[in-house]
Amino acid sequence: MSEWKESLNVPKKDTRHKTEDVTATKGTGFEDFFLKRELLMGIFEAGFENPSPIQEEAIPIALAGRDILARAKNGTGKTAAFVIPALQQVNPKVNKIQALIMVPTRELALQTSQVCKTLGKHLGIKVMVTTGGTNLRDDIMRLEDTVHVLVGTPGRVLDLAGKGVADLSESPMFIMDEADKLLSPDFTPIIEQVLHFFPEDRQILLFSATFPLTVKAFMDRNLHKPYEINLMDELTLRGITQYYAFVDEKQKLHCLNTLFSKLDINQSIIFCNSTVRVELLARKITELGYSCYYSHAKMIQSHRNRVFHEFRNGTCRNLVCSDLLTRGIDIQAVNVVINFDFPKNAETYLHRIGRSGRFGHLGIAINLINWNDRYNLYKIEQELGTEIKPIPAQIDKNLYVAESSENIPRPFPIADMPRGKESKRNEQFQPQQNQNQQQQQDGQNQHSLGPVPPQGPPQGIPGPGYGYPPPQGFPQGMPPQGMPPQGAGGYMPPTPYGYQQQGFPPQPPQGFNNGQPQQPSQ
């Protein structure tokens, strides 16, 4: 081993079994790509061992300057497949934006920028993230300093480029992650406008798990002899086992509570089809005694950032969300995904279940379906060429629990993670009602989560486990009724990239990766 390798601060090796989605390679190593030593140091210190198939295919082609259209499964290392060549080609001595990475969501932008910083920490490269929902003036001031790699969402990038603040005229590389979403009718006009700010000889890299016809139309117009990579021999990840439970709508909460009590959940993500149902379900889960956060697109951006960081860092076990977090979000500790509301199309389903079983690991996806979902279930099975099985009475833990669970990347040992009250009785969330009360309730609401709340933050949130973090200086005035006072539960104003307030968040136990948050997956 080289001397420089011996001095690296390499994290503990992840010994969990990995599927062929990430192990079926040609045996190429990262050093075979002739990368800068400083970049290799960042790669190995992030815990990367060998390239995954998509990295093995894409990195050398990207380094050769070719346009790329790459299709690979969720959770197989696409982010590093474009971040590594971007960092390799950046010259830190040139004070210009040299790579733009465009992503469709704010959370994915934060995550991707963190991967860039982690892998490029020895390169002296400046990475900036810019998204909607943040202060435009702050972004303009930050761009007055040197920025080598810009990560952002379409609207904000176009705004900055149009004002002449983000100079892309000498940027040789334009990367689009989740390109199918970025080239949907909502975003395509913005992407086309952003392209006009690049030089004519720019390099374009498109990465996604699915590519509809809109992507081909864009490719034909803007890419020059693109190199096409398709590693989708099948659409779903091999490590994810899929089940469905046929449940009446009013019994879904009861079924969810049963799953919580029976499954060995490391971390879980529960999906709903509307923002209203996200908040209602999060409230119900917390009332059952389980730690739970929620996140959806209508939340204030600072709240979304805080929920995302805390869930990623292991502060909470369960997250209820809309399709906001279906794309690209990489949290390796998630081993269970539950579709409380069944998705309407195969693309959404594919991205949802891809939040578990990240980077070749194991996970399960459980779908709670009612009578009206049966046609969608059949249609999704046919389109994806996969089988969604009826849920058995007992689920084999070997399907979703790692043999060496202590090696799962997380800042908190599993024993210390908040688990909630596992022995709640059914009567606590299904109170007995007489016939008149039942009829009245049925007339008011036909779903399992109770009446729809008024607009705005819900009232009487039951403590800090609920996931609605009220920072100091709540923008609508006083925090909602029932919020803990300042200092209770550790609430502090968030910062965009973590927490700078003394004593928050709680520090992980000693001996776990020097107390640092989990490293990004490949």
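Here, residue 1 is simply the first one shown, and the rest follow in order.
Cβ from N, Cα, C; glycine included.
Per Swiss-Prot, the range carrying the annotation motif 'Q motif' out of 28-56, 115-143, 376-404 is 28-56.
Note on Swiss-Prot: of 21-24, 89-92, 177-180, the range annotated with the feature motif 'DEAD box' is 177-180. Cβ atoms under 8 Å from those of the motif 'DEAD box' (177-180) belong to residues 78-79, 82, 101-104, 108, 112, 206-212, 214-215, 327-328, 347 of the same chain, restricted to positions at least 6 beyond its ends. Considering other CB atoms within 10 Å as the measure, the emptiest surroundings among the binding-site residues G75, G77 are those of G77.
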